[in-house]
Amino acid sequence: MSSSGLLWSCASQESKPALLLLRKALVWPHPGAGQAFMLLWVSVLVLAPVSGKSEAAAKPVISLHPPWTVVFTGETVTLTCHVLHFHAPEKIKRFLWYLEGRILRETPGNTLEVRDSGQYRCQTQDSLPSDHVSLIFSSANLILQAPPFVFEGDSVVLRCRANAEITLDTMTLHRWGKVLSVSDESSDFRIEQASLKDNGDYHCSGFKNGCCSYSSNMINIEVQELFPRPVLTASLSPTVSGKSVTLTCKTQLPPLRSDVKLWFRFFKDDHMLQLGLESSLKISTLTTRSRDPPYYWCEAQRGSSGVCKQSQKSQLRVQIPVSRPVLTLSPHGAPVPEGHTVTLTCKAESGSFPILYQFLREEVVIQKMEPTRGMKSVMSLRAEHSGNYYCTADNGLGAQRSLPVYLAVTVPVSRPVLTLSPRGALVPEGHTVTLSCKAERGSPRILYKFYHENISLGSRSVLSAGGMSLRVTVTVQDSGNYFCTADNGFGPQRSEAKSLSVKVPVSRPVLTVRTPRAQVVEGEVVELYCGAWKGSPPILYRFYHEDNALGSSRVYSRRGASFKLPLSAEHSGKYACEADNGLGARRSETVSLDVKVPASRPVLTVRTPRAQAVEGDVVELRCEAQRGSPPILYRFYREDVPLESSSAPSGGGTSFYLSLTTEHSGNYSCEADNGLGAQRSEVVPLSVIVPASHPTLTLRAPGAQAKVGDMVELRCEAQRGSPPIWYWFYHEDVPLGNSSAPSGGGASLNLSLTAEHSGNYSCEADNGLGARRSEAVPLSMSGLTRSRSGPIATGVTGGLFSTLGFGVVALLLYCRLPRKAGGRPTSDPSRSPADSDVREPVYHNAPAWLELQPVYSNVNPKGGEVVYSEVRRIPQGSKPAANSDSVLGLLRTHLPSHGQAASHRPSDPPGSSVIYSQVKVACPSAYVAPQS
């Protein structure tokens, strides 16, 4: 083909010529050999880069439908896992899908629909995982869509897409932030014939007239190489007429572009040899010799005007492989003594130059020589130089190896070394000692001999360099000096002497604990004595407490060793000792030591169910000694009188429970005793509080009968109860006052009686443990006036009228004159203004009338000022005893309509009759003065 073919070549991609060496099996007449022929091995040396990874072919590839890496949220993308052709489809049983490195799903088919963002991979059961494909499901208003992979020469579509709710008037494509293209008709932007210059970060923007603008996501586009630069290779192929060379233009398409068709062109110098889809070319047999061999190269192109790449230019030459070299040694024959010099010569009779020679001993390279026609190596021999020697010759067409030549170097024996095993000068009696004699240098055969104090023990001849050993079971008589000799014909060599001392191992020691008394008590000093009856000195004795080392002592005689130990509670446990004279330590049997600790001063604790100890409570007396060996006997005391004793077998404390009475108040203590001396606790006082009992209320009047104006003492007293006690006084459940009894006993309240003071009285006692109320005591008062003469009592009717008249006068006088009986003025400054109009009735005892025994009680009171509406007479035969209780039982005062008591009517005494009908009052209330 003419040189016009260059117009369609990748002329812009100039490459430096490379050399392809063709190794060819040719028949070449050997000069001087007549009809003999020499065989030349033919091969090819290719000088060109090789691209791609071998494992890449085993990866499947993921494709997308639709072919975008960014879609709107809610849409679906179908992933397809493409398996390369060398995986038989019928052998693929499952596809594994990964999302973000974790297994997402396993499918029988090679497709998967997805709706989630992330990095996806696929894999079959016999393939590597594919490269990841990143998907983004976006909720933005505007997105830029691009294919996941872009290769050289691709026509790339970039789609600027708005969501369904937005209509844009203008769309703009940007690269690296600069405007690349503007469109108001289509949302697709095209990149024709993509190349590396189209790499970059792309995004698009959209504008809606009169409204607003939007910006999309950023997409990085990296244009990948469609195929690597081709490599031209050459190989021989037999033909009918002889030999020919096949030139192959090798490159590789990526799996995602395996459907792309490549055109190949072959060139020789400036002429095109072939154009087509075939990637190989056969050329005729090469000439054997050529001063100026031609250059060959090839080109690969996508289609007729796509990506085009050119291989390196190479020359093909014919070379002759090297022949098998010959190794010679000088001098040769007999063994060579150590220190002499030997010359090694390696030479190949034929082969193209340059030739590289190597010398080897026992497969180890000992020297490499620069390329030359023939090679010599001179070396000074040492003992380790004995062995088989080789040489190799290589001119790049295959290394050739010579036959082996053995070289023997003779070395005189060195001074041997004697070792004893086990190591060390001391050996236990009855043990076996191994004597080893070895000369580090010396040619075999070597004769070894062993000696004890110049007495031969044995000998042996060895053929290797491993040395010789002798085993001896030793007794005490075998102690002494040992040595050995080695001889390989150049004269015996003697080792240094080794001393061996046979020792008697120690027997099992006996540990004795020497104590000052039968029981071992904390604070005392005990002596631990350890002795072994047999063993070569010196002997090292060690003392142990629970396997923890206490101390050691070395003894140079047959006596034992002692260790003194001041005892504490922690020293209880098992003790042992150990004896060691270097031939093995022996341990004694264990000896137990129980260190008794005297009981410490105990602590007595009184535990009550509440803050105060109350009669009837159950209290716990807890006695505990913080230290002391069990068992501990505890005794409890009250005022030094024993109460109870209890034992704590395992230590700790013990308790004693006491149900409290008043007699249990006092000082308590306890005692702890574990047989090493009793210890008494400090005294703990206990005060038992007695709740106040139901109090008794007593009313004390100055006369036999209470009347208005009398000073009545209300006495409240609880018979039992711990002081202080508070007393409260009540009249018809209305508090009158309170008083305290700090030292116990009762308390009093003085009351100056008025008409309103009739009613029920009670009191309460409380010492903080609950208030207790007395029974109610009623109080009623007599209203008798003074009599004009004693004999009036002879007539019942006259007496009644006289009483009525005198009572009216007495009431009037009493309300206007100062009181004589109580010494209180008619005007009381303690009275409130609201009570200034009230009149206080006053009653005086008339001795002549006492026999009438009038009883006053309200009879159906209606008006607020009525105090008495009935006066009854009790016959003298029914007269009660003249004491305070009887009088108070007859004098019942009922206040008019001021409290609950006004609604009650006392029962009528039997045999009584009404002698008074009504009395109205307008007097002040009585003054109440509490006293204790």
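Cβ coordinates come from backbone N, Cα and C, glycine included.
Please treat TrEMBL annotations as automatic predictions, because they have not gone through curation.
Note that the structure is predicted; figures quoted are calculated from it, not measured.
If you check TrEMBL, you get these features:
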DOMAIN    60-134  domain 'Ig-like'
DOMAIN    152-204  domain 'Ig-like'
DOMAIN    228-314  domain 'Ig-like'
DOMAIN    325-404  domain 'Ig-like'
DOMAIN    416-501  domain 'Ig-like'
DOMAIN    509-592  domain 'Ig-like'
DOMAIN    602-687  domain 'Ig-like'
DOMAIN    695-780  domain 'Ig-like'
TRANSMEM  792-814  transmembrane segment
Recorded stretch, among 60-134, 228-314, 602-687, maximising Cβ pairs under 8 Å relative to the domain 'Ig-like' (509-592): 602-687
Which of 152-204, 325-404, 416-501 shares the most C-beta pairs under 8 angstroms with the domain 'Ig-like' (60-134)? 152-204
For the domain 'Ig-like' (602-687), would you mind checking the mean pLDDT of the predicted model? 90
How many of the residues that make up the domain 'Ig-like' (509-592) does DSSP mark as helix, as strand and as coil? 3 helix, 47 strand, 34 coil
